[in-house]
Amino acid sequence: MSVPLLKIGVVLSTMAMITNWMSQTLPSLVGLNTTKLTAAQGGYPDRSIGVLPGNPEESWQVYSSAQDSEGRCVCTVVAPQQTMCSRDARTKQLRQLLEKVQNMTQSIQVLDQRTQRDLQYVVKMEDQLRGLETKFRQVEENHKQNIAKQYKAIKAKMAELRPLIPVLEEYKADARLVQQFKEEVQNLTSSLSLLQQEMGAYDYDDLHSRVVSLEERLRACMQKLACGKLTGISDAITIKTSGSRFGSWMTDPLAPEGDTRVWYMDGYHNNRFVREYKSMADFMTSDNFTSHRLPHPWSGTGQVVYNGSIYFNKFQSNMIIKFDFKTSTISKSQRLDNSGYSNTYHYAWGGHSDIDLMVDEGGLWAIYATNQNAGNIVISKLHPLTLHIIQSWTTNHPRRSAGESFMICGTLYVTNGYSGGTKVYYAYHTNSSTYEYIDIVLQNKYSHISMLDYNPRDRALYAWNNGHQVLYNVTLFHVIRSEQL
């Protein structure tokens, strides 16, 4: 608003100057300044003094003057004769002056119009600027909020990444070790080439065995890197929504390279049909599948596909069956002695989940409970071909209090429930026969988890959550032994 106000001030100042100029200059141009008034004697208003010009016919005449009751001057003016107007030089000057005043008036009108137009433009611009100022304020506030949100997100990410710092330190040492291996391989390769040319086959065979030994050491190092302690679980990733409230789905961790088939089993009893999807993409986007009919219905949701066969608990029994998909036959069956079944020692959600079969980096496992262990969880490692128990561990955790469980690197992880807020809170380490209580959040996105299994190839947890098939990525803390490889 400062610009239009300035323009209005200039216009008013210009008009005042013109008015002053007219009041001072106009009388001199028309001859009024030649009249000399004699002061009224006594100051009485009824007295007047006659003033006669030198040549009455050539100028205007003021023949009397007086003051009114408020002291203002009252004059009587006699204009020249009409016949003199056209020949009077002062009349021409007056006419020219009036034309100038008229031109100035028109200029002032044009200036006023422009000023009004500019004023409207500035007012409109002022509204726009105020609107922009409001928008900029909103953008600034939103920017601050976005920065706060980004800061919180970055802080959360840093909290997730903090456990990886010691891992990275270990990786630095491993990197040096791998670099040493690479240098040894390069040296051996160079020596091998020379010996092939100069020393004959015997030395070549010796160096070849050394190369094989080095490769085995590297492979052993990588296998140790594959295992670690669970430190975090990602948010749930929904893959598909299908089936009933309970079920299981999985991929084969020992499938050949490029084999990404998905296996799908709806329900926890009175069903014996297993769906096979060609790939995860097919599973997610289509309903094209191959159906396999099992010789017996399964019990619970603890099935697992491992090395081309499905392992499941036969309904209403403690029998474990290995079914070969390629031959569509039972290749092995074995009773799990003393294990409870038919909802004797199930997970907290029920569903005939007495026996839970699972795999990790170490092989095939069975999680169940026995009377001898007072209904607490028993961990047994099974031979995948014979289904015989290789070794068992008894824990102090009641089977009925567990929501779900899964194995990673020989450690059993147990959740505190299957609905509502869920977390992994108990871990039993078979390598040391010790347990600990932990606190790792597991997002229960759809409020009812009836299946939870780890896949060592994908490094992911597969879950059936109230008719939704979901995945969780896991974070493992790798412990690297420092002894000489």
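Keep in mind that glycine also has a Cβ here, set from the backbone N, Cα and C atoms.
Taken from TrEMBL, the feature signal peptide applies to 1-16.
Summarised as a single figure, the pLDDT of the coiled coil (94-142) averages 62. What TrEMBL lists as coiled coil is 94-142 (among others).
Summarising the annotation, TrEMBL assigns coiled coil to 178-224 (among others).
Among the features that TrEMBL reports, domain 'Olfactomedin-like' is placed at 226-478.
The disulfide bond annotation in TrEMBL covers Cys227-Cys409.
The Cβ of Cys227 (disulfide bond) lies under 8 Å from the Cβ of Glu361, Ile408, Cys409, Gly410, Leu476, His478, each on the same chain and at least six residues away in sequence.
Around the Cβ of Cys409 (disulfide bond), the number of neighbouring Cβ atoms within 10 Å comes to 20.
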